[in-house]
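Q: The active site, proton acceptor annotation in TrEMBL covers Glu94. Under the heading domain 'Radical SAM core', TrEMBL lists 100-327. The annotation [4Fe-4S] cluster binding site is assigned in TrEMBL to Cys114, Cys118, Cys121. The annotation S-adenosyl-L-methionine binding site is assigned in TrEMBL to Gly159, Glu160, Ser191, Ser213, Ile214, His215, His289. What TrEMBL records for Cys332 is active site, S-methylcysteine intermediate.
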Amino acid sequence: MNMDKKPLLGMTLSELQVLVSQAGLPKFTAKQIASWLYKKKVTNIDEMTNLSKKNRDLLNQEYTVGAANPIQAVKSVDGTIKYLFSVGDKNSIESVYIPDEDRATLCVSSQVGCKMNCLFCMTGKQGFSGNLSANQILNQIQTIPESDTLTNIVFMGMGEPMDNLDEVLKVLEILTSDYGYKWSPKRITVSTVGVRKGFERFLQESDCHLAVSIHTPIASQRKDLMPAEKGLPISEIVNILRDYDFSKQRRLSFEYIMFKGVNDSISHAKKLLELLDGLECRVNLIRFHAIPNVDLNGSDMETMTVFRDYLTKNGVFTTIRASRGEDIFAACGMLSTMEKNKNK
Ligand SMILES: C[S@@+](CC[C@H](N)C(=O)[O-])C[C@H]1O[C@@H](n2cnc3c(N)ncnc32)[C@H](O)[C@@H]1O
Ligand code: SF4
């Protein structure tokens, strides 16, 4: 990508409208450009052939499409593919493509590293290097070879989406608008630990599904695992969620990594049921991907099954998420950390 020119990919229709008016192009060209970008997925302004040669030249002076292919792809034996994208001079981010029967999900990153510093997360260990722009987020979706066959997008890669909400909301708009990908918001899930500045705004401004990373119902324990609990406690998150209707199209789920001997007892399951009482939601149990230098182990499958069955029997539908791509360092942040260390 030419770094001197501004990327068009990632611009919303209203941003394109401002752009064309400033460049002196006819108003209707904004919609034409959006269609070339998001429906025909061109990689070069010269391919926008219903714009006059003069107008394309004008655009070319300052702008570029701004699509950049992944720099690395690592395929797992189970079909999962981890893509590495270069951002800026030194950094890289990851996306994971997960094919599963009739679904093809892409797990995208929203930040380079993360400020939230969760004890169990490799991305958290990297620290925070910066927000991804809407261009860099959408680029992950648009440039992989499987782009046109994707059925779902999950914001469960590197970073905390609610900590970069302006850019994430732009991408959600492009993905769900008539001028953009025209996807149903039901195909998109945004995962969060809960960040005060951003959480309610997301609920108000987006119809996409929400996944809250909970990991334990006990506040003191959550604080140890996830410092973000200090900023927005899980009890408050649940109270905010009670004001929204999740009984129709929009789905609410809670992500729960199961750590051996830490949060996998029936007493934890009981407390979780109390906390979620009356909320229309489901729980996804996640197997822990061990990371270096962290004294936590994943629960065994038998314990996870007992925990799942207890929750489901007591009215909260619970699943165990299949662990994918373990042979390719699928724990988020692993591949980019290796790349970082290589570059040092
Ligand atoms: C990487 S985060 C990104 C989205 C957001 N920051 C969050 O935490 O929900 C996506 C999910 O991966 C989980 N996760 C992080 N590190 C993990 C690990 N080592 N093993 C399993 N899941 C992990 C998080 O708890 C979260 O539920
Ligand atoms: S789990 Fe999510 S919020 Fe926590 S450090 Fe990792 S990316 Fe950030």
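Keep in mind that glycine also has a Cβ here, set from the backbone N, Cα and C atoms.
Surface or core, plus neighbours and distances: that's what I need for these features.
A: Around Glu94 (active site, proton acceptor), taking its Cβ as the centre, 27 other Cβ atoms fall within 10 Å, counting all chains.
A coil conformation is recorded for Cys114 ([4Fe-4S] cluster binding site) in the three-state DSSP classification, outside any helix or strand.
Neighbour list (Glu160 (S-adenosyl-L-methionine binding site), Cβ cut-off 8 Å, at least 6 residues apart, same chain): Ser110, Gln111, Cys114, Lys115, Met116, Thr192, Val193, Val195, Ala228.
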Q: Within 10 angstroms of the C-beta of Ile214 (S-adenosyl-L-methionine binding site), what count of other C-beta atoms is obtained when all protein chains are considered?
A: 25
Q: Out of Glu94, Cys118, Cys121, point to the one nearest Ile214 (S-adenosyl-L-methionine binding site) in space (Cα versus Cα); all of them are recorded positions in the record.
A: Cys118
Q: Determine the binding-site residues, out of Cys114, Cys118, Cys121, Glu160, Ile214, lying near ligand 2 in the sense that the CB is under 6 Å from one of its atoms, and give them in sequence order.
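A: Those binding-site residues that pass the cut-off, since their Cβ is under 6 Å from ligand 2, are Cys114, Cys118, Cys121, Glu160.
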Q: DSSP secondary structure for Cys121 ([4Fe-4S] cluster binding site), reduced to helix/strand/coil, please.
A: coil
Q: How many Å lie between the Cα of His289 (S-adenosyl-L-methionine binding site) and the Cα of Cys118 ([4Fe-4S] cluster binding site)?
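A: For His289 (S-adenosyl-L-methionine binding site) versus Cys118 ([4Fe-4S] cluster binding site), the Cα atoms are 14 Å apart.
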Q: May I ask for the distance between Ser191 (S-adenosyl-L-methionine binding site) and Glu94 (active site, proton acceptor), taken between their Cα atoms and rounded to an integer number of Å?
A: 16
